[in-house]
Ligand SMILES: Cc1cc2nc3c(=O)[nH]c(=O)nc-3n(C[C@H](O)[C@H](O)[C@H](O)COP(=O)(O)O)c2cc1C
């Protein structure tokens, strides 16, 4: 039996925290010391020992593991044979009584490879379906469907925990991994560009009262409060699109706008870049994996979208404009989602930012019905 279990969890809407908590419950029942650590911007602390088991629970993003998790695994000390188990979460859904699994792709095994490379002994990988939290693209699941998916996930996690805690191995998800390898170009595009662009689709609607809860909650501290008169949230490129801000805002003020998306698409592809590329960039160099023009285009997109978002943020200071954009946003009409049995203060406690956890960050159930 292990002496200590360190549960690392990265979470946007509480699902991964819930999964880590189920694992912790099982370990505590066996009398093992359990530590919970949130994967956030600051480096994780770990003293590698053979008697320690590290467990990683995190959401899948773009058919792979989020940047934050990969970066934090790379920053861990050398494993020296410390055991590790990995739980990538997927977007489970249920439509008309039929359940559909999510797709973790390379998420679990990419994390496993990095851990092996760092000297950890990987004992298990298991993808877990929890209710999908991507409320930027679909409405949150109903209470009934949410409960159904969670009830199905709990015994799987506990069984996995039991096997791993008894020092056996449990590997699953080879088929999703192979599909993930096939989808790898999408994952790479997601990590290099998609995630950055998604961060710039967020805006605070006229319902925002500048309470800063979104900024305090953000695991990457990617939201800054900006503006000359009234400070409003501004999403920087370090946002991982984890959905915490959107789903925990008590006023339902965080929205995503397809109009901004279309605008940024045109800004990123307008003839200016074509002109720059055709007049000032030399012929592609064949020894490079990607052409110079690709790199210039990439930099151009990042800079132009950054500038356009700054302008947009200023314009959102006009109440009429933010109301107009919000009314045209599909997310204004979407139900939000967060793990129902988890209060944000359960995991926010580990933040450095001083947060009044007394009800202040309690989720308002209005949005979850
Ligand atoms: C930007 C984004 C991308 C996602 N990509 C995937 C995906 O590729 N495959 C999948 O199964 N789930 C995907 N999901 C769903 C989450 O992994 C899933 O809902 C998870 O349970 C969320 O956990 P959390 O509440 O701990 O953040 C995505 C969610 C978001 C917000």
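Any Cβ shown, glycine's included, is placed from N, Cα and C.
Any TrEMBL annotation is an automated prediction that lacks curation.
If you look up TrEMBL, you'll see 199-228 (among others) marked as domain '4Fe-4S ferredoxin-type'. Remote same-chain residues near the domain '4Fe-4S ferredoxin-type' (199-228) are listed as 10-12, 38-41, 68, 136, 234-242, 244-246, 248-258, 260-261, 264, 305-306, 309, 312-314, 316-317, 319, 322-323, 325-326, 329, 332, 344, 348, 351, 353, 355, 360-361 (criterion: CB distance under 8 Å, separation of at least six residues from the stretch ends).
What TrEMBL records for 231-259 (among others) is domain '4Fe-4S ferredoxin-type'. Panel annotation: around the domain '4Fe-4S ferredoxin-type' (231-259), residues 10-13, 59, 61, 66-68, 133-136, 140, 195-196, 198-215, 217-225, 302, 306, 309, 313, 316-317, 325-326, 328-332, 336-338, 344, 361-364, 366-367 of the same chain, lying at least six beyond its termini, place a Cβ under 8 Å from a Cβ of the stretch.
Here TrEMBL flags 174-193 (among others) as transmembrane segment.
Annotated transmembrane segment per TrEMBL: 256-278 (among others), in sequence order.
The transmembrane segment annotation in TrEMBL covers 290-312 (among others).
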**Prompt:** Looking only at the domain '4Fe-4S ferredoxin-type' (199-228), what is the mean pLDDT?
**Reply:** 91
